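Asks: I'd like to ask some things about the structure below.
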Amino acid sequence: MSIPETQKGVIFYESHGKLEYKDIPVPKPKANELLINVKYSGVCHTDLHAWHGDWPLPVKLPLVGGHEGAGVVVGMGENVKGWKIGDYAGIKWLNGSCMACEYCELGNESNCPHADLSGYTHDGSFQQYATADAVQAAHIPQGTDLAQVAPILCAGITVYKALKSANLMAGHWVAISGAAGGLGSLAVQYAKAMGYRVLGIDGGEGKEELFRSIGGEVFIDFTKEKDIVGAVLKATDGGAHGVINVSVSEAAIEASTRYVRANGTTVLVGMPAGAKCCSDVFNQVVKSISIVGSYVGNRADTREALDFFARGLVKSPIKVVGLSTLPEIYEKMEKGQIVGRYVVDTSK
């Protein structure tokens with residue numbers, strides 16, 4: 001298979017610097033890596049943080065962002081096993097880990113101190129060819145719609161793992177804060193498929209319509225409802241059994257600690273820059289509330305999340321645009337105007 005020397009990609013050279021759509025070199029895979037011809041990539045709010053450089057974790061510069069890449073294996077290093085040319089493969093946030101530390105041995109690879117992160121410490125999927133550690137790359141079934149599956153590789157895996165972390169049972173109420181965004185819209189569908197009743201919180205044009213179209217039961221528009229806590233308590237007859245916080249709002253996180261049910265769990269997923277998690281200690285102790293963080297997912301979570309997708313239980317509400325339009329997508333993200341998930345076609 002002929003592999004070009006150069007390719008189109010979006011790169012920036014300094015934090016919040018110009019996003020340049022230009023010709024860049026095609027990377028060479030290391031001994032343990034795949035070279036993937038990326039066809040489509042989802043665009044995640046984390047990509048915006050990587051560009052802004054506003055998280056406490058240092059970003060590689062210059063950087064090609066992106067960590068929801070779906071494509072075809074076109075090359076591999078000499079030590080790679082279990083893959084062949086032509087396989088469908090996914091590039092995840094966790095590009096690689098050491099597989100030898102205590103975290104990796106327990107299946108918590110995302111907590112590996114040597115983790116390599118796509119679109120953050122490792123050039124990601126906003127280019128036509130990208131590399132990924134063969135152990136962590138996602139196996140995608142042949143014939144899968146690569147545009148549709150791209151958001152599952154981060155957003156889907158992340159919310160699926162978060163729902164597992166909430167320790168819910170069928171029939172329980174789960175509140176999803178940020179329910180109509182890229183992560184939230186998938187969380188609604190995974191929650192429904194897992195047998196939960198879904199309450200969504202979001203605000204803005206078209207968001208309630210999207211929420212209801214994917215099976216959500218109760219929607220609360222924070223731009224219209226002044227008492228979010230009271231509204232959730234009333235709708236769920238005492239509070240949500242679990243909360244999945246995917247919004248990037250510190251106030252939303254604090255509110256979730258007040259509308260979660262006694263003995264319930266609020267799961268933190270979204271990471272607003274510089275935000276703190278504030279919970280009234282008396283309320284937390286007396287109600288026996290758990291507050292936990294959930295950070296992407298491991299290889300088993302990946303396999304399970306992709307299985308839900310393959311069986312038609314979840315579908316990404318996507319809008320496909322050209323990779324060259326990435327700066328415009330970031331602008332929409334900064335203004336909170338994203339409904340569903342944008343996916344970029346690397347050929348445009």
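Note that Cβ sites are derived from N, Cα and C of the backbone, with glycine treated the same way.
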Asks: According to Swiss-Prot, one residue among Lys60, Lys92, Lys315, Lys319 carries the annotation ubiquitin cross-link; which one is it?
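Replies: Out of Lys60, Lys92, Lys315, Lys319, Swiss-Prot attaches the ubiquitin cross-link annotation to Lys319.
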Asks: Looking at Swiss-Prot, Cys44, His67, Glu68 are annotated for Zn(2+) 1. Which of Cys154, Cys277, Cys278 sits in that same site?
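Replies: So, going by the record in Swiss-Prot, that would be Cys154.
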Asks: Have a look at Lys161, Lys224, Lys276, Lys287 and find the one that Swiss-Prot tags as ubiquitin cross-link.
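Replies: Among Lys161, Lys224, Lys276, Lys287, the one Swiss-Prot marks as ubiquitin cross-link is Lys287.
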Asks: Could you tell me which of these binding-site residues, Cys98, Cys154, Val296, has the fewest other Cβ atoms within 10 Å of its Cβ?
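Replies: Across Cys98, Cys154, Val296, these binding-site residues, the one with fewest Cβ atoms within 10 Å is Cys98.
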Asks: Give me the non-local Cβ neighbours of Ser316 (phosphoserine): same chain, 6+ apart in sequence, Cβ-Cβ under 8 Å, ordered along the sequence.
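Replies: Correct list: Gly42, Gln148, Val149, Ala150, Pro151, Ile152, Ala155, Gly156, Ser185, Leu186, Gly340, Arg341, Val343.
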Asks: Around Lys319 (ubiquitin cross-link), how many other CB atoms lie within 10 A of its CB?
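Replies: Its Cβ has 13 other Cβ atoms within 10 Å.
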Asks: Looking only at Cβ atoms, how many others are within 10 Å of the one on Cys104 (Zn(2+) 2 binding site)?
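Replies: For Cys104 (Zn(2+) 2 binding site), the 10 Å Cβ neighbour count is 20.
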